[in-house]
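Per Swiss-Prot, the features are as follows:
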TRANSIT   1-15  transit peptide
BINDING   263, 264, 265, 266, 267, 268, 269, 270  ATP binding site
BINDING   482, 486, 560  Zn(2+) binding site
ACT_SITE  483  active site
REGION    655-682  region 'Disordered'
COMPBIAS  670-682  compositional bias 'Low complexity'
């Protein structure tokens, strides 16, 4: 602001011509090159220099002829400079009068509004445009032209107009466009560089340029595999062939090229393949079906070729493909071409024009029905070995194998655990042992006990206990009688599975549960077993009706009815156990829509008859053994969880107490008539004996240990 004050003082004290000549002759070059340097401060100085110069131009013509308007403005200026500014800006025809312009500039300087004048800024831009030659050669030429025009008296006339330049309204849009154009160009450059790198390094990035390396030393042996003796026996032939191929080929025979291991998850298919490699002592190539697919077309087929090429160099060897159904699924004409390329290449490598000698391919899958028929035909996968879930002896062996790594107490009986885990796979048994070990560690025990194994088994089979669930006393009592009815009918029904455990502790989605386990592995079920299963299923609802009445039954038996109906319908439609329908199998998967109305009606009548008979049988048993039912329910309310052995012990004690009471009542009836005093003594003695027996039974019942509490 200092330079502006200097110009204001000069305007008041010196003639305009002198100021103009001094500015023109002594102007510094750095003021005229403000645009070149680009600094914000220099640019402002240049603009303000031009503004002051315009004021000097106006004051330059003070000694010329003064019209009446200019004289009037001069007189007004002495008393009211603001009025001069208002008059000049409101009268456009005064803008061409040099004397009036001089008075206007002096008034702006007087009131210190020189920088805020819109009119002066417009005049300054007009001088810059009219004096420029192309792209802003310099501010000095504009100032010279403006000064010369002022000297000649033609500034603001028709021959030398004041040009108006408006700022571009599309400046922001142009900036956005330039930014977008720069980003697009950058993206194209990066994409091009990436494509070049990808073209040269895609094989290295996807691992295609690296040769597949086998596992040379497999530590797994057949002795480590338990519970699948039949599968091990079939795979031993492969081991003998890999050890001595000439033994089998000198007679003209050919060993199978491929072995397909089929079975449920967790049965040890992968472990069997590793055991084959460990026993034979040959290189072992392992891969998964999903590893062949990639986002790039043709990568899967390329990887199959690389795998078999590496295997040929190390023949004899084993190639193991886990989850082969990922690439070996049945082909569909609607599938994309790249989806079939991998499978086609695998088919060619297994049995194509070029024979692969000494390469044994072992594949594993859980869904053999989904594989392509061309893949499983003889010549590719000649042998299909089923690896089922282990039987009771196999489960015991698997448990022993896993328990070798765990500290166990002397009370552990693995045969009991094996018998109580039907349908468990090897992976399930390994998980059971691990859960038991973690439970023992959490309890601070020094070894895994039988209770830990039982806890792990119940947690896997029945779900975790929900002891924090808030249940009313009425609901607990109803659940105890409901589950007690199931257990009691199972004990007194011929053909029913033995009761393993009864509990009223909520597990999973149930409020209580009675677990029944077979004494041995079962491959089929008899009619007697199925009818007994129906009786046990109906016992829960029967118990609720007998104890609480018809109006107090609950929805807790819904799952029992659903399972019983499913079993009864299977007996009628699948197993030929209905005299009315005969030995005919009916497809009921479509809800009977494929059958006639008469047939469906007959099936439903037979199913209803089976369920009604089961209901009546359960009602007869619970009515006959009502006292045992009450004792068992009270024991469940007290201990919450009871094992099968504990339930039998409680029922035996209840029966013994009842028999003693019956004998005590019948004894006086059989005794001959005697004097009143001896008879009274005998009666008192019998009553005392009965009371003592009842007290003893109650004490023994309280001594039963609760497992789930």
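Glycine residues also receive a Cβ, built from the backbone N, Cα and C atoms like all the rest.
Note that the structure is a prediction, hence the values are computed from the model and not measured.
Of all the binding-site residues listed (264, 265, 266, 268), 265 has the fewest other CB atoms within 10 A of its CB. Fewest Cβ neighbours within 10 Å among the recorded positions 483, 560: that distinction goes to 560. Distances between the Cα of residue 264 (ATP binding site) and those of the recorded positions 482, 483, 486, 560 are shortest for 560. The CA atom of residue 265 (ATP binding site) is located 33 Å away from the CA atom of residue 486 (Zn(2+) binding site). In three-state terms derived from DSSP, residue 266 (ATP binding site) belongs to neither a helical nor a strand segment and is classed as coil. In sequence order, 483, 485, 512, 514, 536, 537, 539, 540, 541, 543, 556, 557 are the residues of the same chain, not among 482, 486, 560, whose CB sits within 8 A of the CB centroid for the Zn(2+) site. The Cβ centroid of 263, 264, 265, 266, 267, 268, 269, 270 marks the ATP site; residues of that chain outside this set whose Cβ lies within 8 Å of it are 261, 364, 366, 387, 425, 426, 427, given in sequence order. Least crowded of the binding-site residues (267, 270), judged by neighbouring Cβ atoms within 10 Å of its own Cβ: 270.
Between the alpha carbons (Cα) of residue 486 (Zn(2+) binding site) and residue 268 (ATP binding site) lies a span of roughly 37 Å. The number of other Cβ atoms within 10 Å of the Cβ belonging to residue 482 (Zn(2+) binding site), over all protein chains shown, comes to 28. Of all the recorded positions in the record (482, 483, 560), the one with the smallest CA separation from residue 267 (ATP binding site) is 560. Among the recorded positions listed (482, 483, 560), 560 has its Cα nearest to the Cα of residue 263 (ATP binding site).
In the three-state DSSP classification, residue 483 (active site) falls within a helix. When the binding-site residues 266, 268, 269, 270 are ranked by how far their Cα is from the Cα of residue 482 (Zn(2+) binding site), 266 comes first.
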